[in-house]
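Chemist: Input: one structure, supplied below.
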Ligand SMILES: CSC[C@H]1O[C@H](OP(=O)(O)O)[C@H](O)[C@@H]1O
Ligand SMILES: Nc1ncnc2[nH]cnc12
């Protein structure tokens, strides 16, 4: 169902209830047109403004979901320039406990075909250390756990709710896309997303090296987004939408934006289908607390701090209170 187009600028700028679930849209996914937008929030954070105002939309059954376009509504932010701390902090402020993040990726494996979807379980960092990657700073030191970079409960909900075959639709071809999950790989192996800096794509040698490292797919977006969500105690899972075979596959032209864009339309419409299904399932879980989504992260950062809070500068603690109200008393 596509919803009548609403003039987003005319929406209220406040929303009184906390919103527990967020969808981050990547390349090709700039809105959730099948949901009814009910508010558009401009959230100022100690780390600046997010990539775009956050749209609050409602499902037919009245569940509220927050939507944020990672590269801005007109895709004018390079992967390196996405204000990730502001994005995650703003979502935390509206009450988000779980994030489903979509990303257009290159495939590093023959069996992951363009237009297939992948739910990764591991990450390898190939960014260049030029993206601010933590909410903490000199004067207040903390170390979040990141051995499992994605939320395992969210990962399982996705694998249980979306069938591997028969759910994603073929568009203008007869090849039906597949959803790849760790649960459905023959040997239960991790599916690994390599995160590179970009904005240029990889060389063939790099692409082959990533394959030798066990990489499944490659993008420019999962880090530090996933790290910041973990620090903010938000359950986070990325859903990767394959658009190309990157540069390793010598029987294909190395990836170009044209190839990526060619597959985006089919991917975006499948992403909306996946998002609609997951919004219902995850919202219900967050409402009933059945699986306790996000609950195992609650309070985790309180015990991850190395600095004694007594000597910490007041301004720094005030900044931290934006994310963790009440964790460390301000004297
Ligand atoms: C346009 S291809 C490269 C671009 O696409 C992906 O963006 P996103 O993850 O936001 O969908 C990839 O990470 C690169 O930023
Ligand atoms: N081959 C690729 N490398 C990095 N990011 C991508 N996004 C889509 N395709 C990609």
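Using the three backbone atoms N, Cα and C, a Cβ is placed for every residue, glycine included.
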Chemist: Hey, TrEMBL has phosphate bound by 27, 70, 71, 103, 104. Any idea which of 221, 242, 247 it lists too?
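Modeler: Within the candidate list, TrEMBL flags 221.
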Chemist: With an 8 Å cut-off on Cβ-Cβ distance and a minimum sequence separation of at least 6, pull the same-chain contacts of residue 221 (phosphate binding site), or say none.
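Modeler: Once residues fewer than 6 apart are set aside, residue 221 (phosphate binding site) is near 26, 70, 79, 82, 101, 103, 195, 238.
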Chemist: Taking 27, 70, 71, 103, 104, 221 as the record's phosphate-binding set, what's the max Cα pairwise distance in Å, rounded to a whole number?
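Modeler: Comparing all Cα pairs, the maximum is 12 Å.
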Chemist: Taking the mean position of the Cβ atoms of 27, 70, 71, 103, 104, 221 as the phosphate site, which residues outside that list, in the same chain, have a Cβ no more than 8 Å away, listed in sequence order?
Modeler: 25, 26, 28, 29, 79, 102, 219, 220
Chemist: For residue 103 (phosphate binding site), list the number of other Cβ atoms lying within 10 Å of its Cβ atom.
Modeler: 28
